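Features reported for this protein in TrEMBL:
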BINDING   182, 183, 184, 185, 186, 187, 188, 189  ATP binding site
DOMAIN    92-422  domain 'Kinesin motor'
């Protein structure tokens, strides 16, 4: 699982080579200290690489010094990106991180890329800092996850290592959950829902649709065709602790527990589907109804949690369920442009539900007898994903690479980091 490493001074008694190809005066060794490791911060008072300095001499960048230091740092990295031919490891809880490219807005503002992904599950955050004497330096924080995807990674590659391994789980009678988490504008909806161009959506290129395609491919196999499994789909959103059916004109739904303590979403329509194309049409129809709002990162931010569920029924009983979740953006109050009370309440509710989700996943990873799923509507409707031995979960933490998003990126990485400690290491399945 993932381990976050912060930055500090090295301990000479515990020196070991870092992940870098060579050791420069400003990048020496990792230091073990519990769950933290360190590399020496880069000091901007030191001379920078002359070749890089000349290369960017005419670059009109507000943070040119930081840009040069980050580029110099990257030259020391051994880059081993994931590929489709790499082996997929099985985990009960899998935590990944995906970096998107700089967008047009960031490029126009000459924002700089402060995130590096050498591969092998590693992410480095080059956090720009300034000392009291105004000397600039980089705090190079190192995070480790099960998988890390750089800005060149396609949705096909991300799907192969995240949601695809979970499809088999629902055919084996289990519950699977895959969710995308991160700041608004970090790429969650693109990853889950596919390509967007204005209001048009190509859902076939998102994880929702890819999972549906694999479900129908398995249904055609001889070993499952004899089980008489029937596929159904639900698509709903949770907004301000209220649940709405995205496939039924946003009808308001109730979440109740029955006499067997099973959570039921009363009124939610399960739609029978006969092919992946049916699912894609429902994704596009439901996505068009989703609640959105404005934040500093995105003028059309999804302000609700959207949950697509693919359900396999056998003789009218649930055989397996795959919940694919596009979470609302994890904005802080200061990231929301509106001073409207309703908007601030909305942001607080989103963050409360994300905290509840984190606690449930941590409890699941520690095999706790108590899963606090009643903390929010989000965790209530996902209750059956947190119980039972045959349940698997994957989290995709989405990060924006720009220096302007550095604080939000740090928050996302720390949130993802807390999903796994040594006691939460995934159990091979």
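First residue shown is number 1, and so on along the chain.
From the backbone N, Cα and C atoms, a Cβ is placed for every residue, glycine too.
Neighbour density for residue 187 (ATP binding site): within 10 A of its CB lie 22 other CB atoms from the protein chains shown. The Cβ of residue 185 (ATP binding site) has 26 other Cβ atoms within 10 Å, all protein chains considered. The Cβ of residue 183 (ATP binding site) has 26 other Cβ atoms within 10 Å, all protein chains considered.
Annotation for residue 188 (ATP binding site): same-chain Cβ neighbours under 8 Å, separated by at least 6 residues, are 180, 181, 182, 302, 326, 327, 329, 396, 398.
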